[in-house]
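Here's what TrEMBL has on this protein:
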REPEAT    A:207-241  repeat 'PPR'
REPEAT    A:242-276  repeat 'PPR'
REPEAT    A:277-311  repeat 'PPR'
REPEAT    A:314-348  repeat 'PPR'
REPEAT    A:384-418  repeat 'PPR'
REPEAT    A:456-490  repeat 'PPR'
Amino acid sequence: MKLNSIRPDTRFKPNSLPFRPESLCLLHFSVKGFNQSPKTFLEMTTLSSISRFLSSSIRLKNHKLSISHFSTVSSAETVYNHLQRNGGNIEKTLASMRLNLDAKCVSQVLHRCYPTQSQMGLRFFIWAGVHSSYRHSYFMFSKACELYRIRQNPSVIFDVLEAYSVEGCSVNMKMFKVVFNMCKEAKLADEALGVLRKMPEFGLRGDNVVYNVVIRLFCDKGDLDMAESLVKEMSMVELYPDLITYMVMIKGLCNVGRLDDACGLFKFMKENGCLPNVVVFSALLDGFCRFGDMERALKLLEEMEKEGGDCSPNVVTYTSVIQYLCDKGRTVEALLVLDRMEARGCLPTRVTVSSLITGFVKEDQVELAYKLVDRVVESGSVTKTDCYSSLVVSLERVRKPEEAEKVFRTMLDSGVKPNSLVCTIMLKKSCLEGRMVDAYCLFDELEKMECLSSIDSDTYSILLVGLCQQRHLVQAAKLARVMLSKGIKLKAPYVDIIAEVLMKSGDEELLEQLTRNGR
DNA sequence: ATAGGGTTAG
C-alpha cells in the first residue's frame, strides 16, 4: 500500500457500540466554550481538553459555516432578507443595495441561500461575478460549484437561464462568462455546449474565449470529434481558432494518442499564420515523450532551442524531457539535459530535481542523487529542504525504509526542515506500524522545528486516534491542545472513533474523570 | 494556457 494513501479505516476499525457519541452528555460543550482563549484552555486538565476538543468538533460538524462566519453573518443576512422580501427581479434588488462585495460576503450569501433558495443563490453569484468592484476568484468558483453540487446537478444552470428568459431579464456576455466558468469548474462539457446554444435566445453568441472553454472541456473529456467540429464551427461564424484553440486541440489530440493529427495541426497553424509558442511546442513534445517517441521529442527540443524567442524551451519543457528520460532509466542523458538547460540560463526547480533524484534512487544510484543535490544547492536553484525531502520520498516509494529513515534523521539532526509531505509520510508510517509513542515524539520534534504548518487534519486525526486507542492519554491530550490552538478540526468519522475508543476502553474511573472535568 | 507531490487564503 502507498504510504500517502493510508486512511484510518484501513487500520482502525470503528467498533460497533450501540450509541452515538453525540448523545453523550459528557462530550457536550458549547460553541461559546470553543471561543475561549488558548491560555484559558492550557490551564485546564489534560483529559478534559480531549473531551472539550471532541465536543467542539461534534458541534461544528453539523454546521455548514465555520466559526469565522458567525461573527459577521449579518451582511449576508441583509442580502438574503432583501432578496426574499422583494422577490421578482433579483438583479434589480441587488443593484439598489449598493453592496460592498468581497469574497467573504459572496461566500456567506451562497451559504445562506443553500439549499432552499439555490436558484436565487446562483443568480446572486452570477450577478456578483459581473459587479464592477469585484471579481470571483477560481477559489470562489470552485466553492460555489462544490456547495451547489453543480457537477451532480447541472440542470440548475438551465433553470437559471430559463428564469432570466421568463422574467425578461437582460443577460449580457459577462454574465454568460460566469456561467461558462462554472461549467468549466464543474467539468461539464455537454452543458457548456448547451449554454452556448442558448446564447442566441438572449441576442448573444460565443466569442473565441467561450469557444475555447467549450473545446477544452470536450478535449479533457476525450471527445476530440466534438472538439474538432466546434473548431470548424468557429470559422463558419467568422471566429478564428487562435493560439489557445490550437494549444488545447494539440494537447487533446496528444492525450488520446493521436500524435500524427497533433503534428498535422501544428503544421497547419504555422501555415495559417498562427505561430506556436513554447506552450504549444511543449504540449507536442510532452505527447512525444508520453507515447514513447523520445527521439522525436529530443529532435523537437533541438528545434525549439534553435528557433529561440517565443519557442525557446523553458523549465517546464526541460523538466518534462528530464522526467521521461528518468522514467525510461536514461538518467545519464537526463543529466546531460540538465547541463544543457543550465548552459542556456534556465535553472532547475524542485520538480526538475525531484525527477532526477527519483530516477537515481530507482536505479540504486543514491550517491549520484547526493552529488546532484550538492550541485543544485550550491547554485542556489533549489533548497536543501526540497532536495532532501525528495530523496526521502523517493526512498520510501522504492521500499527502502531504513535508508529513508536515515536521511530523514540526518535532516532533523542537521536542522534541515523536512517539507510537509515528508512529515506526513513519516508520521503516518509510525502510526501505521502502531508505534504511537514514537509518532508522538516525532510530532513533538517536528512541531518544535516549526515544520508542521501545513499538515492536513487527517494526519493529526490518525495520530490522535492511535494515541487514544493505546491509551496514551497524556500525549493525546497534549496533541488535542495543539490541534485546538491551531484551529484544526477533527472530521466526523474520527470524532466517532475517538469517542467510541474512549468510551469502550475507558474504565469507570476514566469516564468519571472525563465527566467531571468536562464541565 | 504549460509539469509537479498538494504551497497561503480567499
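Glycine too: its Cβ is placed from the backbone N, Cα and C atoms.
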Residues of the parent chain within Cβ reach of the repeat 'PPR' (A:242-276), under 8 Å, 6 or more residues beyond its termini: 208, 211-212, 215-216, 218-220, 222, 224, 227-228, 231, 234, 283-284, 286-288, 290-291, 293, 310-311
Cβ-Cβ under 8 Å with the repeat 'PPR' (A:207-241): same-chain residues at least 6 beyond its ends: 173, 176-177, 180-181, 183-184, 187-189, 192-193, 196, 248-249, 251-253, 255-256, 258, 269, 274
Residue distribution over DSSP helix, strand and coil in the repeat 'PPR' (A:277-311): 30 helix, 0 strand, 5 coil
